[in-house]
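As written in Swiss-Prot, here are the features:
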type: DOMAIN; residues: 1-159; note: domain 'Obg'
type: DOMAIN; residues: 160-331; note: domain 'OBG-type G'
type: BINDING; residues: 166-173, 191-195, 212-215, 282-285, 312-314; note: GTP binding site
type: BINDING; residues: Ser173, Thr193; note: Mg(2+) binding site
Amino acid sequence: MRFVDEVVIKLQAGKGGNGCVSFRREKYVPRGGPDGGDGGNGGSIYLKADENVNTLIDYRYKREYYAENGRPGEGRNCYGKAGEDLYLVVPVGTSVFDIDTNKKIGEVLQHGQTFKLVSGGKRGIGNTHFKSSTNQAPRKFTLGEEGEYKEVRLELNLLADVALLGLPNAGKSTLIRSVSEATPKVADYPFTTMYPHLGVVKVGVDSFVMADIPGVIEGAAEGAGLGLRFLKHLTRARCVLHVVDICPFNESDPVENYFAVEKELEKYSQELFDKPRFLVINKIDLLADKVEQKCQEFVEQIGYQGKYYTISAAMKKGTDELAKKLNEFLQKQE
């Protein structure tokens, strides 16, 4: 299924039903009083989060949504039926922005959570309510109100505990495949990953969610490549893994590659740059010898002071230990 993480839709809540003008007319009550009922309220439109949905693609092809109108009131004090509410099912992590103001107006972050987008119009009042001591046969009633209209932008930011960051072909997709049941495409060419993937990593009785996004290239913060569009999916992650290919097939310099990604991350968002971040040195199986020494030299060259991990995602070497350490970190954060 195609991954869509941003759409614009138009919403029209239902109109309230009109109140009714009616008088009681029975065989032995020729001049009965007013008995016009109220109309029904118009239906509202809500977002509803569903953990089984992972894309906004349904809203790419249908852009306008209408809730049901309330029915008019009837005689014998019968109220009109309320318009049925409409629920738009979206992935967990979906935010809503008002198109007119470009301000965020809400979000749904938990399975089953709802958020009202537009409110249905209020019902009209029947003539029963207008009877008084001086007006025993009122013909006054009110119309139902129009439902609220709004144009909104839905944006999906994936909810993950750990996010993978790195250049194309750094081995991020192979890593997530090796520690979870996610199945992103893996190949030896840039941008094999065209959209984000989520994988559930199980460590004993615990588990956490890992996200793989398309690789970041130089200029991503200005829109180059695919990285800019998907960097936003890192914003809700609790920590970031910077995956570096220690032995690039294109013979590029791992040190330069490391700084290129770090630079783009900082330019994109200082908040994202300040998140807990760990270095993962991948593809150590391609180093002929002195693996530990070469990895240590790389770490010293980039001036990295934090915790780092050396792995071969393809050979599943060091990946279990990495998952275990990540789980320990996440448990301490709770």
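Using the three backbone atoms N, Cα and C, a Cβ is placed for every residue, glycine included.
Overlay of Swiss-Prot feature records on the structure.
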residue	record	Cβ neighbours (10 Å)
Gly166	GTP binding site	25
Asn169	GTP binding site	22
Lys172	GTP binding site	32
Ser173	Mg(2+) binding site	26
Pro214	GTP binding site	25
Lys283	GTP binding site	24
Ser312	GTP binding site	22
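Taken together, the residues in the domain 'Obg' (1-159) have a mean pLDDT of 92 on the 0 to 100 scale.
You'll find the Cα of Gly166 (GTP binding site) roughly 11 Å from the Cα of Ser173 (Mg(2+) binding site). For the pair Ser312 (GTP binding site) and Ser173 (Mg(2+) binding site), the C-alpha distance works out to 12 angstrom.
Cα of Pro214 (GTP binding site) to Cα of Ser173 (Mg(2+) binding site): a distance of 9 Å. In the three-state DSSP classification, Ser312 (GTP binding site) falls within a strand. The two recorded residues, Lys283 (GTP binding site) and Ser173 (Mg(2+) binding site), have Cα atoms 13 Å apart.
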